[in-house]
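Chemist: TrEMBL lists these features:
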- 63-206: domain 'Peptidase S54 rhomboid' (DOMAIN)
- 282-301: region 'Disordered' (REGION)
- 12-42: transmembrane segment (TRANSMEM)
- 103-126: transmembrane segment (TRANSMEM)
- 138-157: transmembrane segment (TRANSMEM)
- 177-205: transmembrane segment (TRANSMEM)
Amino acid sequence: MQRRPRGLNAGLMLLLSQIFHVGINNIPPVTLATLAVNIWFFLSPLKPLYSSCLSVEKCYLEKDWQRLLLSPFHHADDWHLYFNMVSMLWKGIHLERRLGSRWFAYVITTFSLLTGVVYLFLEFALAECMGEPSFKRSCAVGFSGVLFALKVLNNHYCPGGFVTVLGFPVPNKFACWAELVAIHLISPGTSFAGHLAGILVGLMYTHGPLKKIMETCAGIFSSNNGYTGQQYYFNNSGYSGSQDYYPYARPRYQEDASRNYDAYTGGLSEEEQLERALRDSLWDRGNGRSTPPSYGFQLTPEEEMRRMRLHRFDRQ
């Protein structure tokens, strides 16, 4: 194992301050473990960067397949580590609490391997199509490809809203593409193919067969080990006593929820639901009393009529 030379790593120190600011107890376990593994390999890399980075020449032609495992968890310098891990911290907290710790660990492992495979395919295709063998020698390292795949997932689960990229508002569903271009305008030396590979892997999960394949493999594994399929999917409501998330639903929860959402909410927006709940509360407090509701609530005649209409509607 190689020791990184000692010195002031401002990016690493800033990353640690961010982690402690959020609070270790507030970071889900798989996200925290991913941060710890990347920091550990930065401080004590298994191999030098040139022996860990991923390229067609080294991995495919020379059959050095261990680079698929090593390259995502090694970083060029402390600032490379900082920007990747701060992004992982934010995405991991949101996605792990949504998907559950076990499934999120499965996603991280699959994405780490698959982004490398797709990167090799892209570089090989570019070298063959453009007749430029330098693409086969292009060597990439870092967790960025996995982060772009996770960004696709996060935008898929939270499609609304906008993000600002280079000062321009961009819809969430196009944010990963805008950031792909922006990063390479700002820092041309970064791996365009590596980041693009991450986006493609994310799309394979959200719009392609990857999620179904992963669910099938998880089902085979669970049946061979005596587990029920339910154990692979967890809730985002918080930790249980066993440090896992309780079942949020079956694997296809998101698709089922979208179909049943209108039936559950009566077609009302979030603001309309809140307003309706408040009026129901006021009706309960004022029902059977001639005095105004407590806590200073006083309905105008128009609100009173609307409340009565709403009450009649509820009784029908």
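Cβ coordinates come from backbone N, Cα and C, glycine included.
For each feature listed, report its degree of burial, its nearest neighbours and the pertinent distances within the displayed model.
Modeler: Across the range of the domain 'Peptidase S54 rhomboid' (63-206), the DSSP-based residue counts are 107 helix, 9 strand, 28 coil.
Panel annotation: around the transmembrane segment (12-42), residues 4, 73-75, 78, 81-82, 84-86, 88-89, 92-93, 96-97, 101, 104-105, 108, 143, 243 of the same chain, lying at least six beyond its termini, place a Cβ under 8 Å from a Cβ of the stretch.
Residues 28, 30-31, 34, 54-56, 59-60, 67-69, 71-73, 92, 95-96, 132, 135-136, 138, 140, 145-146, 148-150, 153, 191, 193-194, 196-198, 200-202, 204-205, 210, 214, 218, 232-234 of the same chain lie 6+ residues outside the transmembrane segment (103-126) yet bring a C-beta within less than 8 angstroms of a C-beta in it.
Long-range neighbours of the transmembrane segment (177-205) within the same chain, counting only residues 6 or more positions beyond its ends whose Cβ lies under 8 Å from a Cβ of the stretch, are 107, 111, 114-116, 118-119, 122-123, 126, 138, 140, 142, 144-153, 156, 163, 165-166, 168, 170, 211, 214.
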Chemist: Residues of the same chain, at least six outside the transmembrane segment (138-157), with any C-beta under 8 angstroms of its C-beta?
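Modeler: Hits for the transmembrane segment (138-157): 38, 49-50, 52-56, 58, 71-76, 80, 84-85, 87-88, 91-92, 94-95, 98, 107-108, 111-112, 115-116, 119, 123, 172-173, 175-176, 179-180, 190-191, 193-199, 201-203, 205-206, 254.
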